[in-house]
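Read through the structure below, which is laid out as structure tokens, and then see the notes.
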Amino acid sequence: MSRFEKDRMFTLLLVYLLTLVFPLGHASLPLVINTWPFKNATFTDHQSLRRDVKCAENLLASITASCQVWPPHLDVTLGEAWSVLQSGGSVLNAVEKGCACCETEQCDGTVGYGGSPDETGETTLDAMIMNGDTMEVGAVADLRRIKNAIGVARAVMEHTEHTLLVGESASVFAENMGFIAEDLTTNKSLNIFSQWLKGNCQPNYRKCVSPDPSEYCGPYRPHVPLLRTTLERQTNIHSHDTIGMIVIDQNGHMAAGTSTNGLTHKVPGRVGDSPIIGAGAYVDSSAGGAAATGDGDVMMRFLPSYLAVELMRAGADPTAACVSAISRIKRHHSEFFGAIICANTTGHYGAACNKVPGFSQFHFMVSNPETNPPALKSVDCF
């Protein structure tokens, strides 16, 4: 039996067993679910589907009220998406405004401007948005000078025949579409970069180069060591906090989106999983949606969001689909850091995460007619 056949049999058996363990509970629509406790983003998506005209006013109100309970950047994100849904707005509007809210609030420093500077100290953005009805996708990667990455991603989807634009050309496209060019650097990101340089550029993501990247800064040249060694990296759960969002309206229309400023101290030009269709997120209104977060360089090799949606299409419970997607990666990279959220067409949802030192539980936000205010959910990693 080939390795492919063994993997397939393992996945099918795992899904079957997990579906027995995690039976479907009660579900309701509309639904907004997003990675991490970015509460205000979710709340915005929901309201947008009901009060789209007053969205800006609701956003300001939600920011003011939520700051009393949550850190500001966490509240604004979930709230914005739910507001769009409640306003009668489209699922695409909900996803876009929810993610944009997180970009503006610089959620946890890992979304939006002023965070995750690369080796040169520059902040760049990645984002993606997908229409579950038409399967249209727009994405941008390595975006410079433009704060509203999710908005540019939607412009790619609606104003070009392409799916993904990258780098300087993506920034020029955004400017031509009317997006404002601004400096994405802040005093905070400059300080992060300065401290990194003082610490001999540690950590970094170079290997098999000279000088020794574990001790020195670059520039680097290719170098093949006589004995290959595996460098152990300490998991930093705050360097991978992509905002991933799934939205379903009352009629079953679905959309998904992601936004991030990537990995801190990354090699310039690096693109993670967030803007990659099937990796960062995937949605099909006839099956379900999923969004992933974590070590994108590892996770994107397995297309976990696509896998989870296809498993739900085959009848898997959302939790079982999430667990199976994480298990597929875990079989090859047992120490990877990552999590995924899933939702099917009826509004059932689930999540799963890989347990590593410093990360034993994954938190995510849910908003539907049964959660008022939006609920913080958690799942134990395995």
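Backbone N, Cα and C define each Cβ position, glycine as well.
Whatever TrEMBL says is automated annotation, not expert-curated.
The feature signal peptide is assigned by TrEMBL to 1-27.
Non-local neighbourhood of Thr242 (active site, nucleophile): Thr35, Thr110, Val111, Thr258, Ser259, Thr260, Gly272, Asp273, Ser274, Gly280, Ala292, Thr293, Gly294, Gly296, each in the same chain, at least six residues away, with C-beta under 8 Å from its C-beta. As annotated by TrEMBL, active site, nucleophile applies to Thr242.
Per TrEMBL, the feature substrate binding site maps to Arg270, Val271, Gly272, Asp273, Thr293, Gly294, Asp295, Gly296.
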Using a 10 Å radius on the Cβ of Asp295 (substrate binding site), the other Cβ atoms enclosed count 23
Counting only residues 6+ apart in the same chain, whose Cβ is under 8 Å from the Cβ of Val271 (substrate binding site)?
Asp126, Ala141, Asp142, Val166, Gly262
At 10 angstroms around each C-beta, which of the binding-site residues Gly272, Gly294, Gly296 has the fewest other C-beta atoms nearby?
Gly272
For Arg270 (substrate binding site), the nonlocal same-chain Cβ neighbours (under 8 Å, six or more residues apart) come out as Asp118, Asp142, Tyr205, Gly262, Leu263, Asp297
